[in-house]
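Participant: Dropping a structure here in structure tokens format, bear with me for questions.
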Amino acid sequence: ASTPATSPKSKEDQAVNGHDEKESNPFAEYMWMENEEDFNRQVEEELQEQEFLDRCFQEMLEEEDQEWFIPSRDLPQGMAQLQQQLNGLSVAGDGHASEDILSKSNLNPDAKEFVPGVKY
């Protein structure tokens, strides 16, 4: 029969170890260090894969930029100036110009609205 002093699971051994007997391996969180080379290789592969994906996305974005029509980049210089002039024009002009057009008009402002296919 074994005495409590020689038992490996005695209270004194638990106090010295600082771990409960329920805990299977007190160094479990450090076990990756046992295979440090494998761990480093795995992390390096993950980083290389992420870098590869980043390069692929960058290339995809550059290809999209080349396919899109950007007037400032894709039109000849004279066409770009013409584009700017067209953008500067307004349909209605200022308020006085539209009033002049209305005063000179010979259209009937009280006429019914034209609807195609409807006879009046």
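The backbone N, Cα and C atoms fix where each Cβ goes, glycine too.
What TrEMBL lists as compositional bias 'Basic and acidic residues' is 9-24. Per TrEMBL, region 'Disordered' is recorded for 1-25, 100-120.
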Participant: Give residue numbers and ranges for long-range contacts of the region 'Disordered' (100-120): same chain, 6 or more residues beyond its ends, CB-CB under 8 A.
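Facilitator: Distal contacts: none.
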Participant: How do the residues of the region 'Disordered' (100-120) split into helix, strand and coil according to DSSP?
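Facilitator: Summed over the region 'Disordered' (100-120), the classes give 5 helix, 0 strand, 16 coil.
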